[in-house]
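Peer 1: As annotated by TrEMBL, disulfide bond applies to 3-30. According to TrEMBL, the feature domain 'CUB' maps to 3-118. Residues annotated as domain 'LCCL' in TrEMBL: 120-216. The annotation domain 'F5/8 type C' is assigned in TrEMBL to 223-380. As annotated by TrEMBL, transmembrane segment applies to 441-466.
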């Protein structure tokens with residue numbers, strides 16, 4: 001009468017004293033006999049130990065023995081409040097006896113322990129949680145029987161579980177380990193979240209949890225996708241049932257709750273059986289063999305129809321003729337799955353190991369008012385191998401009626417490895433990559449970086465060569481004008497421009513910069529050409545000015561402009577770079593900016609040479625070309641006196657100046673004649 005929570009599995013299990021974690025009652029005793037496979041040994045680990053030691057382990061204690069029965073030998077006898085057991089207690093054989101004796105005492109919780117075979121070196125107990133481990137990722141072995149009423153779980157998949165949750169109980173809730181078998185878990189720790197949802201899964205109720213500093217999740221195979229009920233991948237024709245509820249409303253409308261209505265999260269009524277008994281079923285044809293790892297169910301989801309299935313069992317088949325009832329390995333009874341507790345909540349159950357089948361049946365065993373449900377299957381494609389099918393005895397009919405299940409009799413099948421090949425090509429999903437694909441991936445991983453490096457090197461070489469070429473040109477002192485600054489381009493574009501009227505045409509000045517440097521001021525006008533002028537006289541001396549937009553000078557044709565020496569007379573061979581004057585404003589005066597030639601350094605210029613102006617006088621008369629120095633009026637703006645006929649040239653004239661300013665005047669033929677074609 002002193003035995004508490006107990007699950008003894010074939011490879012692991014959990015045992016606790018009565019009333020744990022409360023104070024154990026007086027004068028109670030319990031004895032557990034543990035057996036594992038021959039050739040293996042048993043290891044025992046305590047999660048909590050709190051036994052009264054006031055009488056030196058005389059009346060209250062825990063004793064562990066090697067073997068079972070009268071031939072057993074004692075390994076150790078233990079008692080004490082808050083006793084910390086370092087390490088594991090290991091047997092010498094595959095059999096162990098654990099004896100708990102509770103005498104007269106006033107306090108003491110008793111104990112909770114876990115056992116497994118000695119090959120599970122990372123065994124933990126059902127009381128361990130994520131906060132007990134500092135690693136960000138670790139593997140542990142959970143014993144069977146960790147669904148215990150005194151442990152808490154907060155959270156759900158895929159969001160994660162609160163760090164205060166029992167690792168093994170959360171593993172059962174997540175569907176990564178079985179409560180009756182135990183198993184390995186791979187835990188990943190991450191940052192906590194403000195709120196943890198609650199849900200019901202695998203007979204474990206997860207509670208709503210508050211904010212925590214960290215949470216944990218489990219690494220899995222990834223075979224938990226939906227198989228097509230909700231999405232409609234499974235067509236209506238592949239969903240059938242034993243019967244269909246059909247009834248007429250008060251308005252006369254006929255309602256039929258067909259099998260195809262049994263799609264999870266689908267708006268509307270569910271599937272419901274016409275007769276509510278244990279022989280009803282809902283069948284789903286997956287069209288090919290699939291690996292089925294879980295099922296999610298709800299009730300009717302209609303508030304006015306409070307119908308749901310609270311317990312059911314699962315059957316599966318390859319041909320829809322011979323059916324197998326799902327059982328957990330090592331169990332001789334059918335697995336009964338917990339269903340819904342109300343009509344809205346989604347309840348998940350996982351299959352460990354998974355089911356490999358094409359046809360899937362749900363057989364309701366308990367329900368509320370009527371059999372009604374919506375369903376979704378979880379799993380993935382099946383590609384290789386077949387899991388052993390479990391021998392299932394024919395179901396025993398309580399009422400002895402041999403006609404029950406009619407044409408849906410469940411046939412028992414022998415356990416064997418199925419090697420039959422299906423007539424279709426299996427789809428591959430969640431499997432490892434084939435060797436050939438692996439080689440291709442490795443080859444691509446090598447070639448792609450090499451190609452990137454080669455192309456990068458070529459680009460760098462081209463950039464360096466271009467840069468070196470530009471530096472070489474600068475070192476040689478060359479400067480190429482852009483294509484659009486050359487005279488040839490302008491002549492090509494000019495033919496598309498509208499022809500100017502005769503009133504605005506002027507005679508252009510054609511000259512050679514190399515010859516101007518050797519001519520005397522009087523000989524300069526003889527070099528002027530008589531073609532129509534569109535450009536003002538360019539500068540032939542002085543410092544090159546900054547170029548601006550809308551230049552009115554026409555570039556010299558036939559020769560490429562270069563930078564010139566500051567003194568064109570001392571360097572007559574070099575060509576002069578022709579800077580252009582400011583463009584004439586559209587609404588301003590019709591005179592161009594004066595052209596200044598500083599002849600002070602020219603030795604051949606006599607003092608008696610008259611000034612020559614390039615500016616047009618009022619009317620059509622040209623200014624005189626000969627005479628003595630005329631003092632030019634200062635240049636005025638639009639508000640100055642209108643009597644100024646000439647712009648004042650840059651520089652100042654003095655009576656004692658030894659040099660004179662020479663101006664060139666374009667020929668005035670075009671002022672009185674019509675337009676001339678160039």
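Just so you know, glycine gets a Cβ as well, placed from its N, Cα and C.
Curation plays no part in TrEMBL annotations; they are all automatic predictions.
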Peer 1: Considering every residue in the domain 'LCCL' (120-216), what is the mean pLDDT value?
Peer 2: 93
Peer 1: At a 10 A cut-off on CB-CB distances, which of the disulfide-bonded residues 3, 30 has the highest count?
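Peer 2: It comes out as 30.
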Peer 1: Could you break down the residues of the domain 'LCCL' (120-216) into DSSP helix, strand and coil, giving a count for each?
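Peer 2: So the counts come to 11 helix, 38 strand, 48 coil.
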Peer 1: Work out, from DSSP, the number of helix, strand and coil residues along the domain 'CUB' (3-118).
Peer 2: 0 helix, 61 strand, 55 coil
